[in-house]
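The block underneath contains the structure these notes are about, expressed in structure tokens.
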Amino acid sequence: MDDKSMARGRKAFVTGFPIKHSRSPLIHGFWLKELGIDGSYEAVEVKPEDFSSFAASLAANGFAGGNVTIPHKEAAYAAAESLDEAACAIGAVNTLWLENGRLCGGNTDAYGFAANLDASAPGWDKADRALVLGAGGASRAVVHALLSRGVCHVSVVNRTLSRAEELAAHFGARVYAHGWDEAQALVSNAGLIVNTTALGMSGHGEGQDFPIDLTCAPKEAVATDIVYVPLRTAFLNKAEKAGLKTVDGLGMLLHQAVPGFERWFGQRPQVTQALREHILADMAKAGAL
């Protein structure tokens, strides 16, 4: 039996609360059509208080697995009977699947972050030092990716220093916590600068100047933002003006979807320019560029 026959009729999902904004159905729908797989991928809105029962009934509802987004990533971590290495390190699950009747959880955010940089800024992991702006949930995946790829020194900057200290303590050696007032000084020797804050994204001061001068960064430094709405954030605009190589956050969204699709439907999809343009067209239609 070939892979397409095995995947026939398989169902997968993305769940969050709210979920109508998700572009995951567009991504997976594109791949299902491209690969000629007779499967489906749907958005399912689940309230936080209902998540445990939803996760427990995946098989009964005919799902092979699915993606989990805000606010359910920690609840999915708790619900999974088995976790992959990335999920254990990050403390959150964004991908669920069933294996011999057991609910398994993984985290593909770190993979997506690194794969996006591999595609758009090859050699980025030669940087000895990285600067991560923000210490929220998303920054954990970024730090895990950086450590996994051998970055020697990761500085995490946050307005609330205790959040950065908590993250540094979680990962241990090679991760250092700093207050926001130290960010400017840290830019000068950072080979990779990652923005994980909401500054400059839609509804969070878009159009305003990013509050850090990037002109003192090494000329070979790479600047990347995990935000993809808007596509060109205030941070990326400022980095570009400073002459730095910039990588937007859309690629992370596309690449993080690859491992889950392969698990549920049995074929590994490709992140192509055609897929990117498909998502950009939807973003333009929604006024999200």
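Here the Cβ of each residue, glycine as well, is placed from N, Cα and C on the backbone.
Binding of shikimate is annotated in Swiss-Prot for Ser22, Arg23, Ser24, Thr69, Asp109, Tyr228; the matching candidate from Asn94, Asn158, Asn189, Asn195 at the same site is Asn94. Going through Ile70, Ile226 against Swiss-Prot, the one listed in the NADP(+) site together with Glu85, Gly134, Ala135, Gly136, Gly137, Ala138, Asn158, Arg159, Thr160, Leu161, Ser162, Arg163, Gly249 turns out to be Ile226. Other than Ser22, Arg23, Ser24, Thr69, Asn94, Asp109, Tyr228, the residues of this chain whose Cβ falls within 8 Å of the Cβ centroid of the shikimate site are, in sequence order, Val14, Asn67, Leu253, Gln256, Ala257. Between the binding-site residues Ser22, Thr69, Glu85, the minimum number of other C-beta atoms within 10 Å of a residue's C-beta occurs at Glu85.
Overall, the recorded shikimate-binding residues Ser22, Arg23, Ser24, Thr69, Asn94, Asp109, Tyr228 cover a maximum inter-Cα distance of 18 Å. Max Cα-Cα distance over the annotated NADP(+) binders (Glu85, Gly134, Ala135, Gly136, Gly137, Ala138, Asn158, Arg159, Thr160, Leu161, Ser162, Arg163, Ile226, Gly249) is 29 Å.
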